[in-house]
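The structure appears below as structure tokens.
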Amino acid sequence: MVDLIFTVISLIVIVPLALFLGVIYSYLLRKLSARFQWRVGPMLRMYGDLKPLLGTTRLLQPLYDILKLYGKETIVPDVSRRRLFVYSPFLSLFFAVAAIFFIPFPGMPLLSGVPYSLIIASYLLIASILFTILGPVASGSPWAAIGARREVELFLVSELGFVLSLFAVAIARQSLVIWEISSGGQSLYLALLTVTAGALMFVAMLGKLHIKPFDMPEAEAEIVAGPYTEYSGKLLGTYYLTKVFLLYGLVALFISLFLPPIATDVLWLPLYIVAAVVLVFLLTSVQVLNPRYRIRNAINWYLKVAIPLGVLNFIIALAIWLVV
Amino acid sequence: MKFETAPDVAEYVKKEIYPDGLEYVPLRENRVIVKVAPGDLTKVAELFVKKFEARLIHATAVDLELKGFEVLHIYDFSKFKDRLVVIVKAIVDKDSPEFPSIANITWQATWAEREMKELLGVKPSGMPDPRHQFLPHEWPNPVESGSIPEGYKFDGSTTAKEMYLPLRMPIEEAYQTLIPIGPYHPGVIEGQIVYVKVEGEQVVAADIKTGFHHRGIMKLIERRGYNKGAFLAERVCGICSAAHGLAYITCTENLYESEVPERALYIRTLLAELNRMHSHLLWVGVVADVIGWKTGFMLTWGLRERVMDIIEAITGNRVNYGIWRMGGVSRDVPQELAEKAKRTVDALREECAKLLLLVADHPVVKSRLIGVGPLTRAQAYDGGAVGPVARASDWKIDVRIDNPPHAIYDPKVISWEVITDDHCDTFGRTLVRVKELLVSCSIVSQCLEYLAKTTGDIRIKPKTVPLGAEAVGLNEAPRGELAYYIRASDKDSSLPHTVRIRTPSYRNNAIIPLMLVGSNLADVPVVMGSTDQCLACTDRLEVIDNRDGGRKILTWDQLVNLSRRASRW
């Protein structure tokens with residue numbers, strides 16, 4: 001009974017917490033890439049004389065940008081399939097939020113202990129991305145159609161790496177429950193798997209989060225705003241909110257799967273934050289160092305990197321399962 | 001320094017090049033006018049282009065009021081004799097202003113003849129592409145403007161706008177496969193439409209439509225006179241303003257017996273090359289942005305700011321320098337400033353060399369640029385590419401060597417070289433531009449060294465421009481060959497009768513459709529960007545929206561202060 005109450009409370013707490021952390025990660029992405037590019041970026045401490053005008057800090061700038069969109073007019077194009085166009089952002093957000101319920105946070109196991117939670121979480125993440133494709137397709141814009149097509153192609157190849165990496169871990173740990181994986185111990189062999197499968201997961205995350213060189217679905221110089229061309233106001237804000245949750249969810253999943261037992265006990269919280277910041281820093285470095293690939297190059301690259309790496313992971317995982 | 005004409009130049013043209021002209025008039029600096037009958041224009045073009053491989057610089061027409069229209073074809077003969085430019089002239093009647101088109105002989109004349117037709121109402125007969133160049137295709141109706149294919153049947157229900165068919169394809173097909181890049185597209189900042197017909201992501205046909213940005217600068221110069229014209233010419237383009245200033249001054253100085261002090265020539269070279277440096281840095285940034293490399297964009301534009309700072313210290317302005325004068329320049333470069341600027345430029349050279357390595361070695365950048373927008377040497381020659389686009393197709397063409405403007409570009413005085421590359425694609429264009437950047441650094445450095453050591457006059461008062469004089473001024477702008485043609489008025493010695501500007505983008509934009517065919521849709525903005533197009537130079541219409549409102553009014557100083565505070569580290 002106590003467990004149930006604790007779980008319910010933690011489920012309620014995790015939503016604002018995930019939003020906050022997602023916003024902080026987005027802020028870090030923006031600030032770090034700004035500093036890499038000789039820019040200022042959103043200010044952590046505002047200049048004294050501008051404080052009355054702009055507030056003391058712009059730490060929550062990504063959130064303000066989303067909130068601004070909620071105050072704007074929403075336009076639904078005449079040629080769109082109205083119902084799908086309007087519901088897709090909300091469904092996408094719903095699945096992203098649902099996915100984070102199955103990923104543990106230090107001190108809060110949430111629903112990660114339920115059987116097959118690894119499968120559930122990965123399917124929910126897929127569903128969320130699926131609706132970022134369906135809505136744009138329903139909008140009737142040629143730019144959105146091209147963007148969505150690229151998103152599908154990219155999604156298919158990055159998903160391959162994602163799944164291969166998840167199941168390598170599952171085989172090695174002999175479990176499909178995230179909580180069991182993340183509270184398991186470490187050994188030399190598992191550390192090796194962490195490096196190889198973690199690298200594969202990181203590469204898959206690049207595609208899922210549209211980090212350069214894999215941001216071709218949103219390539220503004222080529223296809224305006226890609227999938228989001230026809231979206232505006234609240235609907236666009238909802239998509240951006242989804243992105244924030246996805247960023248949090250993927251970072252949390254990475255830590256809980258590859259860096260156990262950091263995501264289990266509340267005492268690990270400082271280390272959890274450090275790991276998240278390092279991960280966001282790595283994502284940012286890739287983002288600033290690279291131009292955008294063509295979609296064909298991206299697919300080739302994924303097939304060249306993800307499949308051999310995935311096979312290697314499987315061999316290591318099988319060896320761990322059979323030998324150790 | 002005086003600019004001399006070879007004494008026998010008219011005789012040379014008559015004897016060696018074309019003996020059947022009606023009249024031969026030598027102009028200053030080895031420019032020769034050959035007057036012919038209108039019917040002979042094609043014959044002359046055929047002879048010049050096929051036999052002598054002369055390059056058409058521009059074709060235009062002048063309104064001579066009662067006398068009729070004067071059709072001008074300007075050919076570059078610098079391969080045969082130093083600085084030789086032959087201007088072929090034919091006067092056509094006002095009542096029936098028809099003359100044979102030369103676009104079938106040299107494709108480079110296509111845009112020029114379409115423009116001529118719109119500008120003056122002359123009728124080149126037998127044009128391969130009679131559609132409007134700058135006016136809307138649907139005006140006054142698609143049949144008259146030539147955008148409806150021969151024998152195309154349309155019912156009365158289609159509006160004029162729907163009948164606008166860019167690639168002369170049926171409406172039904174156009175709706176399915178035609179993608180408009182523009183008129184305002186995030187990949188290309190300025191206004192133009194490129195229509196691409198796609199199959200999947202493959203481009204199978206492309207067409208370009210200009211005419212979104214007309215400012216009437218040529219007409220304004222005709223009404224304001226030679227002195228004010230220098231300021232107007234700079235405003236043709238905000239990025240290559242020095243190139244326009246220099247070309248205009250070269251042209252006006254060719255109208256009279258001019259003399260320019262040596263120090264002024266060095267200052268002109270200095271500014272033109274600083275201008276080229278910041279223009280090329282800007283271009284590298286734009287291409288980096290188009291391929292999604294924001295970091296490259298920020299780094300190159302950061303370097304560009306330092307060039308702009310030097311320009312500001314020398315001239316007091318960042319964009320339009322306002323120092324070009326007939327007979328010299330208006331502002332000297334003090335010796336201590338020259339020394340300081342030289343140190344900055346030398347430091348900048350190191351950074352630019354690093355930039356070259358960064359661009360030439362980045363695997364993803366290479367994968368986006370190699371093989372994109374192919375243009376062979378033959379295509380570049382036939383299409384009339386100029387500047388870095390032509391040089392990247394391994395065609396050594398540079399006005400600074402062939403037909404130098406009134407500045408110091410003599411290889412005996414200043415050591416520099418023309419950069420070419422045999423990649424024949426966007427990667428080649430990138431390498432050419434970044435290497436030219438280093439060459440410009442070295443030219444700037446040598447000019448500053450001279451300026452730091454010497455003193456002297458910077459301007460000699462110009463003489464009166466003779467009535468009815470004519471001149472051609474050429475300059476190598478950052479984007480390629482820039483040509484000015486000026487004809488002085490017959491009545492007023494301070495006003496030009498006609499001013500014609502042929503910008504490099506005018507030529508390079510015309511061959512964009514050629515480069516686009518066969519490329520991937522993702523590469524379209526890269527190909528369009530690769531010519532470094534400057535549409536403000538190319539176009540001929542502007543709408544100014546002067547609405548103003550708002551409750552809070554900030555003064556200029558307040559705005560400057562705010563922007564400085566916002567960008568402080």
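Glycine residues also receive a Cβ, built from the backbone N, Cα and C atoms like all the rest.
Because TrEMBL annotations are produced automatically, they should be read as predictions rather than curated entries.
Owing to the predicted nature of the structure, the values given are computational and were not obtained by experimental measurement.
The following features are taken from TrEMBL:
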| type | residues | note |
| --- | --- | --- |
| BINDING | B:C237, B:C240, B:C534 | Ni(2+) binding site |
| BINDING | B:C240, B:C537 | Fe cation binding site |
| BINDING | B:I501 | Mg(2+) binding site |
| DOMAIN | B:34-142 | domain 'NADH:ubiquinone oxidoreductase 30kDa subunit' |
| DOMAIN | B:291-460 | domain 'NADH-quinone oxidoreductase subunit D' |
| DOMAIN | B:469-540 | domain 'NADH-quinone oxidoreductase subunit D' |
All-chain count of other Cβ atoms within 10 Å of the residue listed as 'Mg(2+) binding site': 23
Arithmetic mean of per-residue pLDDT over the domain 'NADH:ubiquinone oxidoreductase 30kDa subunit' (B:34-142): 86
Other C-beta atoms that fall within 10 angstroms of the C-beta of B:C237 (Ni(2+) binding site): 27
Composition by DSSP (helix, strand, coil) of residues within the domain 'NADH-quinone oxidoreductase subunit D' (B:469-540): 26 helix, 25 strand, 21 coil
Inter-residue Cα distance where the pair is B:C237 (Ni(2+) binding site) and the residue listed as 'Mg(2+) binding site', in Å: 12
Tally of residues which DSSP labels helix, strand or coil - the domain 'NADH:ubiquinone oxidoreductase 30kDa subunit' (B:34-142): 29 helix, 33 strand, 47 coil
Cβ neighbour count (within 10 Å, all chains shown) around B:C240 (Ni(2+) binding site): 29
